[in-house]
Amino acid sequence: MTLLRGDDFFTSRAVTVAVEPRTPQTAFPEHYHDFWEIVLVEQGAGVHVFNDQPYALCSGSVFFVRDNDRHLFEDVEGLCLTNMLYRSPRGFRFLSDIAAFLPYGPNGEWQGQWQVNAAGMQQLKQSLNSLAELAQSDAPEAIAASESLFLHILVQLRQQCFQTQSSGSERQGVQALLGWLQNNYSEEVNWGSLADRFSLPLRTLHRQLKQHTGMTPQRYLNRLRLLEARRRLQQSDDSITTIAHACGFSDSNHFSTQFRKAFSQAPKSLRHQAFSREE
């Protein structure tokens, strides 16, 4: 597995933050870093496999990555993102500790996937552009300014993340819906009921989901289900039928057909490959 080193990305060893735009982000094999980063998706689609857990990417996706995390990008389609790099939560010169602004849950668990709305992403992009300029200098005043702006961006992210949980505008409702689908893809979904739940007209729901994900709502839902099914086929001993039902497919034959369409491979073939690698 590839180790990405901070010396290849930070302007100098004195600099504590860096900005790396990827426009586009191509498929990239599994890797890890000796630094921490925050990944902000501006547009496009793809799959982010984070510590063996797949996530479907869309505009507004945000991932917090630690130095001991493994991740990769695959199945990318017009994916554009920006990486905000930092040495570590305690690796700053003028900030003492940023742990309070990182995605730790109430019991200390890491909750590294967030979603922000389009307006919030636009504000963040402006701040990232300014940060990219500051991060080019290792003068003490530039480092202090860059760390201050980095903290400001963290605060922006935290505020925008909470905003997506409220009813607010249509865009905020869609972002909250995307988060709900990511965590509840295995449930039986009635789009009309979901539209009511997130205070969205049904036609708006379809239009906005297509705009954010590049897919129809049902295709996006199937994508989430298939990604989880692929993970379970590779990592568990459960039967194909059990996995299909656990991931929201009521018919295992239909699941196999959809799986072959998505991955050009039958579920049985993938499982055989996974078991062969372990032997």
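Cβ from N, Cα, C; glycine included.
Cross-referencing 48-71, 168-191, 216-239, 240-263 with Swiss-Prot places the feature DNA-binding region at 240-263.
Using a 10 Å radius centred on the Cβ of D251 (site 'Interaction with sigma-70') and all shown protein chains, the other Cβ atoms total 12.
Residues belonging to the DNA-binding region (192-213) score a mean pLDDT of 91 in the model.
In terms of DSSP secondary structure, the domain 'HTH araC/xylS-type' (175-273) contains 74 helix, 0 strand, 25 coil.
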